[in-house]
Amino acid sequence: MTSPSPRIQIISTDSAVASPQRIQIVTDQQTGQKIQIVTAVDASGSSKQQFILTSPDGAGTGKVILASPETSSAKQLIFTTSDNLVPGRIQIVTDSASVERLLGKADVQRPQVVEYCVVCGDKASGRHYGAVSCEGCKGFFKRSVRKNLTYSCRSSQDCIINKHHRNRCQFCRLKKCLEMGMKMESVQSERKPFDVQREKPSNCAASTEKIYIRKDLRSPLIATPTFVADKDGARQTGLLDPGMLVNIQQPLIREDGTVLLAADSKAETSQGALGTLANVVTSLANLSESLNNGDASEMQPEDQSASEITRAFDTLAKALNTTDSASPPSLADGIDASGGGSIHVISRDQSTPIIEVEGPLLSDTHVTFKLTMPSPMPEYLNVHYICESASRLLFLSMHWARSIPAFQALGQDCNTSLVRACWNELFTLGLAQCAQVMSLSTILAAIVNHLQNSIQEDKLSGDRIKQVMEHIWKLQEFCNSMAKLDIDGYEYAYLKAIVLFSPDHPGLTGTSQIEKFQEKAQMELQDYVQKTYSEDTYRLARILVRLPALRLMSSNITEELFFTGLIGNVSIDSIIPYILKMETAEYNGQITGASL
């Protein structure tokens, strides 16, 4: 019996054997037969080799004797069975490689080919997403792409990625995955795991469309959105949904197709870990939501919850690069003038102290306001990226407010009340100041077209569409007007101070003191404008007249447009106290003690 291209051929068998047995080499493809491993002994009995003996019906046992080879390319196997004492002889002729394989020596003597991960150098498990990689890098790349995660590098974006240090910098690890040939589209084309959607209150829209924007990279104002229906996505609720993608990629594109966002090295120093803010906000939001719901069945043990909060605050503290200062000073202690004017109590009655600032309310350090966008930047900007960018701007704004000595002097309770009342105005001023960095016009244009398509599919009520469209129009109009005025960094800083120290918000205490700080901010802004723009007589009036427009914008819609995709139904107001408590001595101690 022969095969078309046999590696082993049976030349002859002894005809005296009535029911001859057969020697069979079993490969991975041969299954379904009962096999028995037996020992073959040569004629002298000095050596033994194992073979597989089987009969057509899988029954019977036998003894296999390995005889001396008659030629250099042949070996003899002599076997007997329990019901037949006459030995049968099978001569197997093969090449030397097959002989070694038959004797079980090939796998031992021949070195195995081992492939190594092109990303970290660990032992590879195969080719994944277009590159030979290990299970660790395969899983990391898959998670990063599927969850649209964004990372930041604390160094100069050239960290060493190897088996032992691959977890130290996620930014550089993802960057190397892309450089070594891993393809994002290979992950996105896989079948995604079944995800049970939680029921959430309806917000503004329920859509799974993806928005692709074809545009001149140098001109974000002429974007032309194109809608592509995502048939596989589950319906989501909210003005922005996870299936929505916006292409606002920057001109910095590598030859290998990797899209990166150029970051200012100095800004990266002060905002090195801001890429983790989305995770911090999510952790705090989920914890706050669990506490508010009182769901004991899903709550973790108390010590684990405390540990989660500790890690979240520690991450946030590192991200904002807080200094090793002591706890916020009391009114009587005074504040060092390095961050602005020194604070002194000039008079005190039985109720509240009166505070006066010696020197300027703001220093040159308060003028710097550099927002570092997440990177690497995806080709099609998704909701997670928009929310992450917005969270960076929000936290940067609050960090700026906390750095003002006069603000610190008001105390924690007053700080929380002020920020809760004006966070939307501070955030909007930040949007106007960073509109070019964020490509704000492109994002808003995409949202508008997304909402228009929602109207056609009856996903939103007419009243709700009108409210949201009016809000977006007001936001765009405000940003455009500030761009026309060409507001500089000093003017933006003083405008934010005027907004921050607004005494007319309901529920505030110590309004007279807050009003004093606001008046000082207005006077310093006036002095600056008169000295810097002396030829523009009405510049100050044109700037101040823009502030009332901030009060016309709904904080609820701002929250839904920029943050709902990140924190769900948890309000920004509930997160503000966590952020403002970071400067206590407890969390300053954690900054140096814990590692990210």
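Cβ coordinates come from backbone N, Cα and C, glycine included.
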Residues flagged as zinc finger in Swiss-Prot, choosing from 117-137, 369-389, 411-431, 558-578: 117-137
Going by Swiss-Prot alone, which of SER68, SER502 is annotated as phosphoserine? SER68
Given the ranges 153-177, 253-277, 303-327, which one is assigned the annotation zinc finger in Swiss-Prot? 153-177
Among LYS48, LYS215, LYS231, LYS484, find the residue to which Swiss-Prot assigns the annotation N6-acetyllysine. LYS231
So what's the average pLDDT for the DNA-binding region (114-189)? 87
